[in-house]
Amino acid sequence: MSLTPAQIARLTQVASASLKLEYTDLALHTIYVYYYTTTLSEEVNIMWPQKWRAGKILYVFIRYVPLFFMATVLVNTRVYINLTPKVCTNLWLAFQTTTSFTSILASEVALLICLFALLNARRLYVGLLVAVYTAMTLGDSIPSLRYGEYLSRALPLSQVERELGYSCTWAGISSPDIVLANKKAGYVALAKAISLYIFSVRYRKQTGTLFETVRRDSGIYILSFVALRLGTALAVTLRTENDLNLPGYAFSIMFQTAIPVLACRLLVEIRKTEDPAVRTAISSILFDPPSPSENTEDSDYEPEINQVPREMVQFHGLGRRRAGEGGRAGRDEEAGAGANPIVD
């Protein structure tokens with residue numbers, strides 16, 4: 001098979017971009033696996049004893065869904081496995097679209113609930129904010145899902161792609177309406193990210209115990225969440241009309257792996273906080289109220305401290321002890337408490 005110089009240059013450009021994307025994808029997923037293994041003991045100690053309320057359900061879902069999402073490595077990297085176009089399409093729709101969408105949505109809901117729990121808001125306000133934010137998320141996600149559905153159309157592998165080790169190749173997007181709808185969804189996502197940024201800036205100088213706790217225990221996670229959301233929205237909105245959108249793809253993969261990590265860390269830090277006001281606030285929404293044994297480090301010794309004291313046994317010298325062995329017991333009893341027994 002002979003290629004023209006223009007085709008060789010294009011193939012070189014695409015191969016170089018694909019390698020960069022593959023390394024970025026593998027690196028971020030490796031980091032997530034490392035995070036999962038190093039925090040498993042923390043999960044067992046802190047989250048597993050909790051009852052199945054909103055906090056634990058969100059934590060388990062957000063933490064384990066990205067592990068299933070990693071199955072997309074079969075369709076995006078060189079694994080030297082031959083897959084049919086139908087299998088490639090089903091894998092893309094099942095993991096790349098559905099799993100990623102639900103994981104990000106759950107992470108954002110966890111962020112909102114944590115914020116309102118920390119700010120001690122009413123349940124009605126929490127429900128309204130989650131409903132509005134979910135509507136905005138659906139507004140930018142539904143066009144993105146349609147875009148992903150068109151993007152999932154696979155083609156039979158060419159000889160070059162088969163020799164390079166790829167499992168799937170994609171037809172691409174040719175409909176201008178789908179591209180325009182996805183771009184509008186990017187603007188909605190950008191507006192949502194800007195609203196989060198304005199909220200964080202508006203309340204960054206607010207005083208009070210709860211706000212200080214937000215900044216101390218979870219501020220870095222919330223700010224990182226907002227920064228990633230804003231960067232991803234900008235990358236999607238301002239992307240160029242070609243198939244080598246490296247910044248957009250890199251931000252997308254980073255968002256899909258880092259946002260669940262930040263959401264899980266936020267839930268853990270809120271559960272671990274020692275502030276009584278925060279514990280009262282989160283107990284009505286996320287977790288159970290803390291048990292009395294969690295409020296003190298010496299809880300294991302409380303039953304021993306609270307026992308009724310026993311009367312001390314009185315001994316009258318060595319003679320009293322020898323009496324128990326025989327011979328002097330009666331003499332000691334007759335001598336009375338004030339007597340001094342004679343030791344043989």
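The backbone N, Cα and C atoms fix where each Cβ goes, and this holds for glycine too.
Taken from TrEMBL, the feature domain 'DUF6533' applies to 23-68. TrEMBL lists 57-81, 101-119, 124-142 with the feature transmembrane segment. Summarising the annotation, TrEMBL assigns region 'Disordered' to 320-344. Taken from TrEMBL, the feature compositional bias 'Basic and acidic residues' applies to 322-334.
Counting residues per DSSP class in helix, strand and coil order gives 38 helix, 0 strand, 8 coil for the domain 'DUF6533' (23-68).
For the domain 'DUF6533' (23-68), the model gives a mean pLDDT of 87.
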